[in-house]
Amino acid sequence: MVVKVGINGFGRIGRIVFRNAHEHSDVEIVAVNDPFIEPHYAAYMLKYDSQHGNFKGDVTVEGSDLVVGGKKVRFYTERDPAAIPWSETGADYIVESTGVFTTTEKAKAHLKGGAKKVIISAPSADAPMYVMGVNEKTYDGSGMVISNASCTTNCLAPLAKVINDEFKIIEGLMTTVHSYTATQKTVDGPSAKDWRGGRTAAQNIIPSSTGAAKAVGKVIPELNGKLTGMSMRVPTSNVSVVDLTVRIEKGATYEQIKTAVKKAADGPLKGVLAYTEDDVVSTDMNGNPNSSIFDAKAGISLNDHFVKLVSWYDNEWGYSRRVLDLISHVAKVDGNA
């Protein structure tokens, strides 16, 4: 059974989720809402993308709706989530990708329009967070609003799970070397809450904060309080990389750690965690659907208890694929797929 999905917010993640759904046979996008663009512009932005190339399919406009691959997709321009008539489109699951309605109270407004569940494509202060390959099996159908966490947490958590399961993490620090995003500046500009964040993204390496490492403690309770981290925003348009440095309780050589990660990548975490020994660079990961691609050649160890691990992620494409995977999983648990 195909799960019918609506998207609120047709920005980077909203559009990349749509593109991924085109390759995701058990999910169908039936409606999109964005109050800041009209249908012809939405069609244009879906069709052409500077990072991921042209859309693989026909995109046209019929009246006020999109037609994608011959199928009509209702298009709305409501500012209030409660006013979006999801029920008339058949959309049961809503991807909340505006970056604005990230709390349970705000996101549940979609339920008034007939939606059954809301999946926030961002970290949430109070909604339950699920990371595919890590804790999605704890979902029991009770939450009306859930979060897919962040792209960085989706990269970090599967790797941290493998290391903790096999060797027990005592404590660790994470740095994500992260491509610039839409919230940053093309030229220096005002940013009262984050002065460094107001500097031009194209010329600077910008230290920034991230809650991604601490969020791992929410999806892997055993690691709560054991990890924290920061971000370095760099002048690349897409693809990021996690540097995880940990102390482990059970001594292991770097070769043993590589073996454990490869076993997980080829087994229970296949499709979420990948493993490579190639001499890759960031652009090689553009469009990679995995949450986390472990770079076996990039990591180092000081001794058998102190190690630095490196894992890549396409912070747009891989994350958006997990949003859809989470929806598919949730729908099956709910009995709607």
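Just so it is clear, glycine is given a Cβ too, placed from its N, Cα and C backbone atoms.
What Swiss-Prot records for the D-glyceraldehyde 3-phosphate site is SER150, CYS151, THR152, THR181, THR210, GLY211, and among ARG196, ARG233, ARG247 the residue it adds there is ARG233.
Annotated NAD(+)-binding residues in Swiss-Prot are ARG12, ILE13, ASP34, ARG79, and among ASN315, ASN336 the one listed with them is ASN315. In this structure, of the binding-site residues THR181, THR210, the smallest number of CB atoms within 10 A of the CB marks THR181. Neighbour density at the Cβ, taken as the number of other Cβ atoms within 10 Å, is lowest among the binding-site residues ARG79, ARG233 for ARG79. The CA atom of SER150 (D-glyceraldehyde 3-phosphate binding site) is located 9 Å away from the CA atom of ASN315 (NAD(+) binding site). Nearest by CA distance to HIS178 (site 'Activates thiol group during catalysis'), out of the binding-site residues ARG12, THR210, ASN315, is ASN315.
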